[in-house]
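Novice: Below you will find the structure I want to go over with you.
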Amino acid sequence: MSQICVKASVKGIVQGVGFRFHTAHEGLQGGLSGYAMNLPDGSVEVLACGSEANVNKLLAWLESGPKTSRVDNIDAEIIEWRHIDGFEIK
């Protein structure tokens with residue numbers, strides 16, 4: 001099973017609605033490591049590392065996010081593998 005890291009920028013109504021908390025929960029449920037971080041432009045940056053299948057599941061979940069959010073756009077790219085412990089909310 002291949003391991004990958006993906007960095008995604010999630011735009012829409014994603015700050016102040018529990019998006020990072022739910023993203024971290026989904027990531028941990030999938031055995032992923034990484035973080036979810038608010039950015040000054042109102043988007044959320046998500047870094048997810050783990051099995052390709054589980055990273056893809058998280059990316060699919062990010063398309064809708066929690067019910068309290070509205071996702072308008074996701075830009076994602078595969079980046080160099082890095083080891084991170086846990087899934088942080090920044």
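Glycine is treated like the rest: Cβ placed from N, Cα and C.
Fair warning: this is a prediction, and the values are worked out from it, not measured in the lab.
Residues annotated as active site in Swiss-Prot: Arg20, Asn38. Annotated domain 'Acylphosphatase-like' per Swiss-Prot: 5-90, in sequence order.
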Novice: Sort out the sequence-distant neighbours of Arg20 (active site) for me: same chain, 6+ apart, CB within less than 8 Å of its CB, listed by position.
Specialist: Ala36, Met37, Asn38, Val44, Ile89, Lys90
Novice: Let me know how many other Cβ atoms fall within 10 Å of the Cβ of Asn38 (active site).
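Specialist: Neighbour count, Cβ to Cβ under the 10 Å cut-off: 16.
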